[in-house]
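Taken from TrEMBL, the feature transmembrane segment covers 133-154, 184-205, 226-251, 296-319, 331-353, 381-400, 421-442, 493-514, 521-544. Annotation comment: TrEMBL describes 754-810 as domain 'CBS'.
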Amino acid sequence: MECGIFQSWNLSQAKINEFTVVPVSNDGQFCEGKQTGNGHKFGLKSPAQGYDVEADQSDTLTQNSITSLLSSKFRDVAKRWRQYGVDSPRFRKRLHSKWESMNYEIIDSQLQRKLNEEKVSKRKLAMLMLSNWLVYFAIGIGTALMAAGVQIIVELIAHQKFSLLKTYLDKCSTDKENCLYQPILIWMSINVGITLLASALVTYLQPMAAGSGIPLIKSYLNGVRIPGLLSLQAFVAKCVGVVLSILGGLACGKEGPMAHSGGIIAAGIGKGRIPWFKKYIDLYGLFRTDHNIRDLVAAGAASGVSAAFGAPVGGTLFSVEEAASFWNTELVWKVFFSAMVACFSTNFLLSAYEGHPTQLSNPGLVRFNTFPNLTFDLIEIPVFIIMAAIGGLIGSLFVVMNYKLTVFRQKYLHRKKWIKVVEASLVSGVSALAAFVLMFTIKDCTTAEPYNGHAFNTTMGCDGEGHNAMSTMFLTTPEGCLKALLHDSYDNYSVLTLVLFVTVFFFLGVWTYGLSVSSGVFIPSLTIGAAWGRLIGLGVIQLFPNQVLTSKAKDVGKYALIGAASQLGGCLRTTISLTVIIVECTGDITFGLCIMLALMISKWVGDFFTTGLYDMNVEVSGIPLLSWEPPPLCDHVYVSDFMSQPVMTFLPVEKVGHVYECLMGESFNGFPIIEQDPNCDSRYKGKLRGIILRFQILVLLSKKVFCQEGQVPSNQNSITLKDFQKTSPVAVRIEDIQLTDQEKQYVIDFRPFMNQTPYTVSLNFSMPRVFRLFRGLGLRHLVVVSDEFEPIGMVTRKDLAKYRAEIKKGMLHMEHLTVENR
């Protein structure tokens, strides 16, 4: 925890008729919501109201009957299934104390004031401003190099892989009895072998590289420190892992990991140091503070999305809407500049690779490409609205199923690292087997040519000049499959082919997301939506052949695009940025209204049932994320009701042994410094004079900045702000500091290093005011003082994050989360 001891909310001091909370404990019992003044409850249920199936005693069957036995078994299965549901307290109703906040606030110490008093020339300020822009430029270039490298490697190796599979499939299509086992064994062996490397790289090198990384980047930009998230190991595991994941045949994409990789590049450039074994080679340190690194990571995430989709505006908005929590006009401009540089540089590199660098025809890794005559009639708007609702429902189903699978993994599969590797290899093998079985059993033969030669196809099961339509969607990368569904002609795929593909790919996508591999969910969601959107397009054309279509191919692609947008909105619940990204990918603004409607309605429908996929990952991880606004209906709740108390305080000059024992015994990260009251018997009671962080104390202890009482440490004047910036807050631990008995008798002076002007509030501050102050300033600690200016409590991130409000199924739910120590 940050500081202090957590205590439950004292509702007796609040107006019960305005605000109610569901306390959640680890034993799975839910406290019934308190009755409001008007007789209503905010969607709160007790176990007897609908959580316990076995509470119904109206069963009239005999205990010896088969029906009774089956009924009891069903109840057991239903009860276990609910344990993985959205009401599972262990995985979504608690916070982990291991997550700590970033030090965004500038420490107003004597060291900082001495630095501020130094005269700074106009030339130096101009050079600092120029270097700032150069760093953002370098972020765009670095992200483009990374994205282009990943794209080229995937295309080259994927071409060889699918060419080999096509050769064996075509060869064995005529001799099915004797050699059909060869292509499936080759396919499964390639997938399992590559995925084995991908999962082992992530599992053993850096687990923070698993998944897309966007939920963790979002949490980092919200103010939570994620150890290992922006390390060199994470970059290697993310970039190499995503290449191997795609080549391993998993239902994933590389667009989400691009945002994480861009953030790592930005953090590395900002820190200005090169890792060398267990040490660092320092190049510069102008942007090494948490505040600067946060802004650079926001630019890196936007650059990654921009390079992935060729959408600089969409990437900037994605970073604003989905990731970053602190913004200003100047930062938006810098982030957009970095995203534009990344988009242009990626375009240039990919175009140069194809032999025409001046044409700039490859603005991103994934482009939906231009739709010919992408127009719509007003009579189609109701159809698009229905499709949006379907996207919200399927997206909610995706989130719920993935959540249940995530809980199952955390309970049973993630206890051993090798099990994670085996599971990922199993999924890749099943993906190859499922694709082969569909191609072998479905005789959907067509002579229509695939769009732009994006995929290989095989003649398996087809005579003459036709090819198997199912192979067009599986013998290609996920991006190629998406383009096929968006742009292939009207008669390329039968209804049965699309239905089976949607069903199989949906379950593969659910199973894949959450594996211990580097993977993204953008492309799988778009592909699933494009497939069922194409199905609806075929149905509309059959029902209204004369009213709607002027070109069958055009209309099917249009419905596939709406389906893709609806599915993505139903999973991620992001509206503005996804609208701009899809519009930039298609290059046609005229269809923007339909895309916006699809994303908005799919989000509304999805929010009615579940949270978004990224928010679900944050909740499962127990990360104390702060929302944009304070919880509703809490104006009557004051800081005295939720602050952490008591606080541990230090005097301006303390014995080293006492400080060492306090740090060994407590996990607090902020300690108020007080001036001892001579009229009080208590040694640690007095007026607040400042606050010092645990990290600062550890640095002082590790550098032996202490001396005998009455003397001044010989190295005190040599300590500068750079000494604190060079050391990572998670690199120094109290267990690693060894002190002799004589050193423990020395004293340490906190006055030159403590924050002399900490933010404080009185006991009568309301929760909304505290929340906005804490959130707007990016605070880590907020000291609560009495009328005598004595520290009596502390407000930290977890004190505010443990009260969660959400609207589900049209009802307002207020929850009091538990904080678990790990």
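Each residue, glycine too, has its Cβ placed from N, Cα and C.
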Query = Do any residues of this chain, six or more beyond the ends of the transmembrane segment (331-353), have a C-beta under 8 angstroms from a C-beta of it, and if so which?
reply = 132-133, 136-137, 139-141, 143-145, 147-148, 151-152, 262, 295, 298-300, 302-307, 310-313, 315-316, 319-320, 359-365
Inquiry  = DSSP-wise, what's the residue breakdown of the domain 'CBS' (754-810) into helix, strand and coil?
reply    = 16 helix, 19 strand, 22 coil
Remark   = Restricted to the domain 'CBS' (754-810), the mean pLDDT of the model is 88
Task = Mind checking which residues of the chain, 6+ beyond the ends of the transmembrane segment (226-251), have their Cβ under 8 Å from one of its Cβ atoms?
result = 99, 146, 149-150, 153-154, 157-158, 161, 187, 190-192, 194-195, 197-198, 201-202, 205-209, 213, 216-217, 219-220, 257, 260-261, 263-265, 267-268, 275, 293, 297, 424, 427-428, 431-432, 435, 477-478, 505, 508-509, 511-512, 515, 517-520, 524, 527, 730
Candidates 184-205, 296-319, 381-400, 421-442; stretch with most C-beta pairs under 8 Å toward the transmembrane segment (133-154) = 296-319
Ask   = Can you say which of 184-205, 296-319, 381-400, 521-544 has the most Cβ pairs under 8 Å with the transmembrane segment (421-442)?
value = 184-205
Inquiry  = Using Cβ atoms and a strict cutoff of less than 8 Å, what residues sit near the transmembrane segment (184-205) while being 6 or more residues removed from its termini?
reply    = 161, 164-165, 168, 233, 236-237, 240-241, 244-245, 247-250, 417, 420-421, 423-425, 427-429, 431-433, 435-436, 515-518
Inquiry  = Using a Cβ cut-off under 8 Å, which residues of the same chain at least 6 positions beyond either end of the transmembrane segment (381-400) come close to it?
reply    = 85-86, 506, 509-510, 525, 528-529, 532-533, 536, 540, 559, 562-563, 565-572, 594, 597-606, 608-613, 616
